[in-house]
Every structure is written in structure tokens, then in C-alpha cells.
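Working notes, structure below.
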Amino acid sequence: MCLNENAVTTSSILEYFKEKNPEWKDVKSVVIDKDFVEWQVLEQTFPNAQIVYVSVSCYNLLEKGGET
């Protein structure tokens with residue numbers, strides 16, 4: 001997503017997203033990897049959205065249509 005995932009960088013990117021996307025208030029959920037460390041920034045930026053944590057292995061499984 002970006003050079004690093006620290007709070008300042010993540011916040012700057014999300015504020016830019018909001019500036020360029022007037023419909024940002026319609027975001028209902030954000031799916032992130034369980035290792036994403038700045039999840040609080042997402043909660044602050046999108047207070048009405050549900051933050052969903054998944055592991056990469058779960059994401060890969062979903063991409064394959066749930067086949068094991």
C-alpha cells in the first residue's frame with residue numbers, strides 16, 4: 001500500500017483517499033491482514049465502517065472460492 005505502515009503515513013494516505021473520493025462516507029467495511037499494525041488509524045478515519053481482520057491464508061482460500 002505504501003512505503004511504510006506507520007500511523008502518520010497511513011493517515012496521510014487515507015486523508016488523500018477521502019479528499020479524492022467524496023463517497024468515502026459510504027465505506028461499510030475495510031478488510032485488512034491481521035498483521036496490519038495501524039488498524040486504529042482505519043477506525044479513526046472510517047468510524048462507521050467495520051474493520052475485518054483476516055490472515056493471508058484465509059484471503060487466499062476465499063480467492064480460490066473456498067476450495068481446500
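Placement of Cβ uses the backbone N, Cα and C atoms for every residue, glycine included.
Annotations in TrEMBL come from automatic prediction, not curation.
Taken from TrEMBL as is:
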type	residues	note
DOMAIN	2-52	domain 'ZSWIM1/3 RNaseH-like'
Arithmetic mean of per-residue pLDDT over the domain 'ZSWIM1/3 RNaseH-like' (2-52): 87
Tally of residues which DSSP labels helix, strand or coil - the domain 'ZSWIM1/3 RNaseH-like' (2-52): 26 helix, 8 strand, 17 coil
